[in-house]
Amino acid sequence: MIYRRAGISFTRYQDERRLWKLPTDRWAVIVIFALLLVAPFLVDRLFVVGYLLPLIIWSMAAMGLNLLMGGAGQIHLGYGAVIGIGAYASVHAMRAGLPFELAMIVGGLASAAIGVVFGAAALRVKGLYLAMATLAMQYIVDFVIVQVPAISGGTQAALSVPRTSFLGIAIQGDRAPYYVALALCAVLTLFMLNVRRTSFGRALAAVREKDYAASIIGVDPFRYKLLAFWVSSFIGGMTGAVLAVCYYRTISPDQFHLDLSIQLVAMVIVGGLGSVLGGFLGVGLILFAPIVLNQLIGLAADQFGVAIPTDLRAHLPLMLYGGLIMGFLLLEPLGLAKIYSNIRNYLLVWPFRHARQ
Amino acid sequence: MSIQGKITGWPVTDGGAPATLVAALAANAAQPGSRPGFRERDFGIWREWSWPQVLDEVLSIAAGLETLGLGPGRALTVVGDNRAAIYFTMLAANALRAFPSPVYPDVPVDEFKTFVRFGEPDIALAEDQEQVDKLLDLRGRIGRPSTIIYDDPRGLAGYVEPGLIALSEVADRGRARLAAEPGLAADLVARARPDDPAVLLYSSGTTGTPKGIPLLHSNIVGGIANAEAGGYFQRGETLFAYLPTAWVGDFVFTLGAGVLLQATINIPERAETALHDLREVAPTFYLAAPRAWDAMLTRIQVGMADSTPLKRRLYDWFIPRAIELERKRLKGYRPSAVERLREAVGSFVMYGPLKDYLGLSRAERAFTGGEAMGEDTFLFFRALGIKLKQFYGQTETCALSAAQVEGSVRIDTVGRAMPGVEVRIEDSGEILIRSASVFHGYADNPEATAEALTPDGFLRTGDAGHIQDSGDLVVLGRVSELVETAQGQRFIPTFIENRLKFSPYIRNVAILGAGLEELTAIVCIDYEAAGHWAEQRSISYSSYAELSQKPEMLELVAGEIARMNELQPDGLKIRRFVNLHKDFDADDGEITRTRKLRRKVIEQTYAALVAALYDGSDEVIFDAKITYEDGREGTLRRNLVIRRV
């Protein structure tokens, strides 16, 4: 209904391969990006700092993890640790005097270097065993950060981030961190959208579907699994740096524990494996569903005067939240992105059932 | 390469406009806009030619053709589907004062010699190997054409026949000449005269041998000027070149109007991809025969029949209301605020998406003509917001005689005479037309010319009709088609047939009954729509023949006929019919290439069937003669059921 496709023609094959071929999609992207740009001037600062900023940063993390899980088919239960390594490495680098731009890359490289060591296990083990190997990474990294005062920052085990700037913009106040994160997220999103269309992305897909079949067609699974771990960990490390600088401002080991890793895996799976949009949708659901449900139940309790016992009041949102995630995955195992694409297809062939000639 | 720099003038009319197609091309090239002149889909992407590039190409081909011996007054046989190279070559022939003679690409070789009778066509342009084979076969029979030019070289590498040459080779020779002879380009542009033939077309040959109809540059230039003055064409249209090249509609409405009014002419990749490519083009001007519009409606109906419940319900809610509103609006009704709101919502929810699906969302000027159109189809497309109008014309008038104007659109009229067109009704009821677009006589056929043209320059159209008080012309049918039953009731079979063919399940039908007691029908079901209908009801079938004889299918057709019968006077109701085991086919001579019935052929071929329809039997055993593609003949015995309505 809202998709109009008449009059779209191409004079070059390059144009035919563009990302958003339909004007409707292009407009949707432009409008959403424009809204994100003006959001700090339109809505309350609490909303920007409390909701939009985490949405953007966790989406970056989800995209990084999704490259590994959805792109190359390798599970990772230690992505929180990867982010932690990036955060600590970059903060230490900044404290040593490096500018944020370089520190971010140092964080990425540190994560990539350590991540790829554990990822090497993926060359030997698959599936559940890989999950165990990455889980081990999570615990080892947690342990090292806590036990080495030089990393964790001594007895208080909290490391504050020095004031810094990005491309000449001082990262302070509410808006600057938001815009820095948004800019980096936009770059990463474009990278993720395009990586699937490169030979690298296709090689990862081949490895994901069947690694020995990939090696038969000349894609070296050894190389591409390592590369997937490298790239994904690098993105995780950079995200860690952004997280530390733009959001946490003070980092401590408990911010990067196993529950973060599990949450990220949940975001990726609920959002949709292998989908860039799914990263955003998954993060949105996992972050905001508890908050929204909590508010709704509070509102219902106030409005209708239902006396809900305090402990039920505390647990009901979590139960509903769990039910919601299960419901979505039952409805569409391929995640929120697949639900979106189903709706889009429904509208794309409107008013017919199928695409017709 | 600046051919343009060397061209300073071209033949013009009294008003200063280009007087020939070649002159118009030169004028377009002299002031090119940003829009391309031609676009052709090739391997999925659109290749574009700006007007200067088109002129360059046309003059190169013209200079090359001259080396092959094409000269003034000679015909160039052109056979193939719509291709940019074919259009360029047709214009190139014009530049040499020769004229193209396009032939329908599906004409079998046995009939081909009919279409090379005039203008001594010794050179032929073939689109591809298939047509080259046909022309080589023709040369074996009649010694012509001695030179065969081909556009698509696929499959032709191993051919060693003399006189076979690639079009690119012809153009290369021409380019070399243009480079060597500085004055040649300007000379080629100025050669063609307004009274030179621009194209040689053939009448459809419904009765007898097709007659050659030369249309002069002045006919086409004049006709398009009339149409532009009437607002039926605008400058800078986006056109879609998919009509058969041998039909007047393609040469005049696509090439003629395209070049004269500086349109963008879009050419689909192949005939089979035309529907898909139409959506990519989204033309602003669209012309289709009534049955093409019917086919579009059928496509939509078939698609909606198995759509999702919500979408179907919305369709079933909006469309009938929109059609009803359009019906009232054509009678002068002004919609209320509620109806206008409903229309706005409907065009977002349903009409817009349907137009978008068809590729007609930008079609400001949509036309149909050639035969009567079903009211259902007509109202459906107008209800969608496509301002579909009927036009009237024949090959002899460049098909530009009359057309409807917005505000005076009626299903039973064909509109008003275009500016510059005089229409007169003879006492016999025959429609006479005089305008700049009326041809000057049939090729080498003075008797037929004398019959067709009155001394004062009016064309006898052979159509019976009258002019309403509003000035709108009503065409009833062919004067010659009027027949009587044994009881003396007069009717025009085509008229009844067209009404029946408005059913999506009936593709072709022949009404019998001239000089007989009652009316009967030979029905050809629409394989796609009827097949889909059967599939939905779990009726199994393996072929057209089997499906056509299914009791359910006969029941369905009987229902359609009964509904049509309600509109007929008593003596003209169809009493019995038979479902034919095959569709009428132009290759079997049952219909013309423009899909008009050839009654004599049908009555001869199906004489046994006709007899059975009138002797009261319930079944007939019919020996169907078939000609295989390799030319061998055989017979197939078919049992056909005859049903009463």
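Each Cβ is built from the backbone N, Cα and C atoms, and glycine gets one as well.
Automated prediction, rather than curation, is the source of TrEMBL annotations.
Within its own chain, the transmembrane segment (A:27-43) has Cβ neighbours under 8 Å at 20, 52, 174-175, 178-179, 182, 186, counting only residues six or more beyond its boundaries. Annotation source TrEMBL lists transmembrane segment at A:27-43 (among others).
Positions annotated as transmembrane segment by TrEMBL: A:49-69 (among others).
Positions annotated as transmembrane segment by TrEMBL: A:76-96 (among others).
Positions annotated as transmembrane segment by TrEMBL: A:102-123 (among others).
The transmembrane segment annotation in TrEMBL covers A:176-195 (among others). With a cut-off of 8 Å between Cβ atoms, the residues of this chain six or more beyond the transmembrane segment (A:176-195) that come close are 19, 33, 36-37, 39-40, 48-49, 52-53, 56-57, 59-60, 63-64, 66-67, 71, 166, 169-170, 201, 235, 238, 242, 245-247, 276, 279.
Positions annotated as transmembrane segment by TrEMBL: A:227-248 (among others). Outside the transmembrane segment (A:227-248) by six or more residues, the chain places 53-54, 57, 60-61, 63-65, 67-68, 71-72, 74, 76, 79, 82-91, 94, 100, 103-105, 107-112, 114-116, 118-120, 122, 161, 164, 171, 177-178, 180-181, 184, 188, 200, 204, 207, 255-256 with a CB less than 8 A from a CB of the stretch.
Here the transmembrane segment (A:260-293) has long-range neighbours at 51, 54-55, 58-59, 61-63, 65-66, 69-71, 75-81, 83, 138, 189, 192-193, 196, 316-318, 320-321, 324-325, 328-329, 334-338, 340, meaning same-chain residues at least 6 beyond its ends whose C-beta is under 8 angstroms from one of its own. Per TrEMBL, transmembrane segment is recorded for A:260-293 (among others).
The transmembrane segment annotation in TrEMBL covers A:318-337 (among others). Sequence-distant neighbours of the transmembrane segment (A:318-337) (same chain, 6+ residues past either end, Cβ-Cβ under 8 Å): 266, 269-273, 275, 277-278, 281-282, 285-286, 289-290, 293, 297.
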